[in-house]
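Record features, source TrEMBL:
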- 4, 5, 6, 7, 8, 128, 129, 130, 131, 132, 133, 134, 135, 136: ATP binding site (BINDING)
- 49, 54: substrate binding site (BINDING)
Ligand SMILES: Nc1nc2c(c(=O)[nH]1)N(C=O)[C@@H](CNc1ccc(C(=O)N[C@@H](CCC(=O)O)C(=O)O)cc1)CN2
Ligand SMILES: Nc1ncnc2c1ncn2[C@@H]1O[C@H](COP(=O)(O)OP(=O)(O)OP(=O)(O)O)[C@@H](O)[C@H]1O
């Protein structure tokens, strides 16, 4: 059977093979697709700054901000923990761990209402795979434990979809998947 690590490796290789100029076009298509996302002004939405061959969510984040979203970005606090810091326009970005950049310690910590998750792979049932650190798994568990019910939106290129992902007890399924092909909801009993 294919393990999570095998699938992660294969799908990241696929993503790495996308030409940079195609990645930019696909990221712009994701920003267009984000128009279908329904939220009220003031909604706290966590995005991320791209690393490696990830989609570049900056065009999407700019559009969400124009529509009244309050943006935040993940920062790595330690090997197991990420927090979400207020992403104020033009505020200085610092090194926030694992090759990521984000707001510094002075920025307010926020609980996102909507989380845009970076993925290595996803399936048609809303199961997802990240980079294997469990950072998002734990951050989501923490939000749920505090009585929050964040809307989880996986962000990836469509070629990262696989037939089936093994889901473990700690895996919380996605509500939506956003790719260059559009924003698609998963049927999810909550
Ligand atoms: N842009 C972005 N920001 C993010 C994440 C992310 O996946 N993407 N995170 C997501 O949790 C958190 C940071 N955690 C991370 C954990 C691991 C790796 C990483 O690159 N790990 C391996 C690669 C995994 C593999 O190839 O199997 C590495 O270091 O080489 C990156 C970020 C928060 N910020
Ligand atoms: N809620 C949790 N509490 C404690 N440990 C957890 C929790 N969720 C996941 N983990 C641990 O995190 C590790 C990574 O899990 P998994 O392989 O599912 O990562 P992933 O989904 O790729 O990562 P991420 O959540 O960062 O995107 C596993 O060792 C798992 O046991």
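Glycine is no exception: its Cβ is also placed from the backbone N, Cα and C atoms.
Caution: TrEMBL annotation is automatic and unverified by curators.
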Spatial neighbours, same chain, of residue 129 (ATP binding site) - Cβ under 8 Å, 6+ residues apart: 4, 7, 8, 11, 119, 120, 121, 122, 165
DSSP three-state assignment for residue 129 (ATP binding site): strand
Residues among the binding-site residues 6, 8, 49, 54 that border ligand 2 - Cβ under 6 angstroms, in sequence order: none
Proximal residue to residue 54 (substrate binding site) among binding-site residues 6, 131, 133, 135 (C-alpha distance): 131
Contacting binding-site residues, sequence order - 4, 6, 129, 131, 133, 135 vs ligand 1, Cβ under 6 Å: 131, 133, 135
Nonlocal neighbours by CB distance (under 8 Å) for residue 133 (ATP binding site), same chain, sequence gap 6 or more: 79, 80, 98
Residue 135 (ATP binding site) versus residue 49 (substrate binding site) - Cα distance in angstrom: 15
Recorded ATP site residues 4, 5, 6, 7, 8, 128, 129, 130, 131, 132, 133, 134, 135, 136, farthest C-alpha pair in Å: 20
Neighbour-count leader, CB within 10 A, binding-site residues: 6, 54: 54
Cβ neighbours within the same chain of residue 131 (ATP binding site) - under 8 Å, at least six residues apart: 8, 98, 118, 120
